[in-house]
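Scroll down for the structure; my scribbles are underneath it.
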Amino acid sequence: MCLLNAGGTLLLLLLFGQSLSTPRSFSVDYRSDCFRKDGKEFRYISGSIHYNRIPRVYWKDRLLKMYMAGLNAIQTYVPWNYHEESPGRYSFSGDRDLEYFLQLAQDIGLLVILRPGPYICAEWDMGGLPAWLLNKKNIVLRSSDPDYIAAVDKWMGKLLPMLKPHLYQNGGPIISVQVENEYGSYFACDYNYLRHLTKLFRSHLGEEVVLFTTDGAGLQYLKCGSIQDLYATVDFGPGANVTAAFEAQRHAEPHGPLVNSEFYTGWLDHWGSPHSVVSSAAVAKALNKILATGANVNLYMFIGGTNFGYWNGANSPYGSQPTSYDYDAPLTEAGDLTEKYFAIREVIKMYRKIPEGPVPPTTPKYAYGAVGMKKLQTISDALEKLSFSGPVKSMYPQTFTDLNQAFGYVLYRTTLPVTCSKPTPLSSPLNGIHDRAYVSVDGVAVGILERNKALTVNVTGTAGSQVEILVENMGRINYGKDINDFKGLVSNLTLETETLTGWTMYSLSIDDAVSQGLLGGKQPPPTDPPQPAPLSLPAFYGGSFIIPDGIPDLPQDTYIKLPKWRKGQVWINGFNLGRYWPARGPQVTLFVPANILSTAAPNNVTVLELEEAPCGSGPCTVEFTDTPVLNGPVTSHDKQDWGLFAKEDLL
Ligand SMILES: *[C@@H]1O[C@H](CO)[C@@H](O)[C@H](O)[C@H]1NC(C)=O
Ligand SMILES: *[C@@H]1O[C@H](CO)[C@@H](O)[C@H](O)[C@H]1NC(C)=O
Ligand SMILES: *[C@@H]1O[C@H](CO)[C@@H](O)[C@H](O)[C@H]1NC(C)=O
Ligand SMILES: *[C@@H]1O[C@H](CO)[C@@H](O)[C@H](O)[C@H]1NC(C)=O
């Protein structure tokens, strides 16, 4: 291994003396099994940070903490759907300012390993692919399908030229660029697709840049994941056999540097499954082993951050990921230092000189306390303000894609075709609720339908009664063969055996209505018919709080918790913090970054509660606390099997 091979250095310098004359270069050295930077042997110890999961104001703090841990590089994905939310409309400003992020990393002294996809997995909605790709209903994603390739070519034609000046050899921090992501785990195994991407990346970035792939550390993954001209690397966690894992890489790359592109410091969560934790001791021990072989490593994640808004992904069989992407990483969701951070730093210290000076401290958190909430309006009451585009009518239900809506909620309305005096099953026989639906008849909540879990509710009512079904998109599948994940009612509903027809569908622009303050009614909310416990109609609740005077350094970060609330979405001053679901767990608190809080005006909290707010009886409050709770009890007792995905053999 090259880093242990100090004696050979002089000879190597002579052999590769030519590259010394190039001022900035980065390459794979197949002769001495290492990377070579400016002609010298080079090994990276890197950490993953996703700029899209951290508010821009905190990028510098997180990067600095990574630098102070002894890392010399960072790794990030570029989520296509975050930058091109509708075709041809690109967004690279504010929290999406990728070039500023790259510049910050460089200013701090960190190199960058870039993973621009087009597919990224990442527990991110649809693995980073834009949902509008599904406008072509039969598109084969991640393959040579011409519709897919055309969209990829256009996107990469925008992204890659923008990145080119940031390549190491052009004066920037990017030392290498990953093509696709764990492609060997995907069923298509389309080498023409990988070849196409290779040509595309080369045409925009040049011949010199190091392009690589990442796959599970097993021959079965490397088979379809690696091709010529892309340097094959592997990923594995602290439970793996390091020797065997790198032997797998050697099978694909007999020579060149050893690289673990994703060394797992923790693991992801799913709603309804216990919070994942991986011990610091296990991480430190395995990291030491990897570094002792002379290998390059990227710690995934070094900081996980937050799936704000609707950005979380899901696994198949359908299980969605929570709002927090803490990952039990060495820096918490909020960027706090942990025991794991210092354990990792101690290991790195044995292999490279780490920067002197103090580590930036954990940012203070503040408990603003309880905030009283008042009911504003139900979704149905607020329909005119929520559905700017007005309803769409059709015989059979349409999907989010048909309605041109990517995220959030759609309201489906129809009527009972016959009188149901006895409880009558309203069902989705083909499991077409994507992903959760809140059902009411004539303004009375009657039940919840959920993908794979609850396909029938009983209804009663007279012919012509109004049936309303609010369907929530809980995040698109981001891994495996089911990533063409259409949302809404994706198949017909039946009443007994009769297919329901005559639908009116309302696309809901809830985020716009919340940020424009349209939901705060001056008059008291209309009274709904009495609701049978334990459900009520999906409705908005509002409250506000003032940042106290006379305490220095406020506003500070905080966490919001919603005790006795069940499931919904929460905004502060119009910023969508994400989903809460303490009734299912394990996440209990949501991270509230200080930058969305105001000292100039009362801070407005808006909650969309989908099931039942605690406001009928007892205190109707939300609470701001200084302590996160991500490991609350879980109440979904079905044991999910994410077998293929979980790569447990690699953990
Ligand atoms: C790890 O893998 C190597 C190479 O395949 C093997 O020789 C060794 O026995 C394995 N170690 C353990 C603890 O399984
Ligand atoms: C619907 O009602 C029938 C008859 O009362 C009952 O057997 C069935 O369990 C109910 N189904 C649901 C989903 O509540
Ligand atoms: C609903 O059923 C009709 C009639 O069988 C069929 O033509 C239509 O494709 C179905 N729609 C969906 C979304 O499954
Ligand atoms: C909260 O809402 C009130 C009333 O609409 C508004 O005056 C105030 O500026 C809002 N606060 C913030 C921080 O936006």
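In case you wondered, yes, glycine gets a Cβ from its N, Cα and C as well.
For GLU182, the entry in TrEMBL reads active site, proton donor. Within the same chain, residues at least six positions away from GLU182 (active site, proton donor) with a Cβ under 8 Å of its Cβ are CYS121, THR214, ASP215, GLY216, TYR221, GLY225, ASP235.
TrEMBL lists GLU262 with the feature active site, nucleophile. Note on GLU262 (active site, nucleophile): other Cβ atoms within 10 Å of its Cβ, all shown chains, come to 26.
Marked as domain 'Glycoside hydrolase 35 catalytic' by TrEMBL: 35-350.
Taken residue by residue, the domain 'Beta-galactosidase 1-like first all-beta' (397-508) breaks down under DSSP into 0 helix, 57 strand, 55 coil. Taken from TrEMBL, the feature domain 'Beta-galactosidase 1-like first all-beta' applies to 397-508.
Residues annotated as domain 'Beta-galactosidase galactose-binding' in TrEMBL: 538-599.
The feature signal peptide is assigned by TrEMBL to 1-21.
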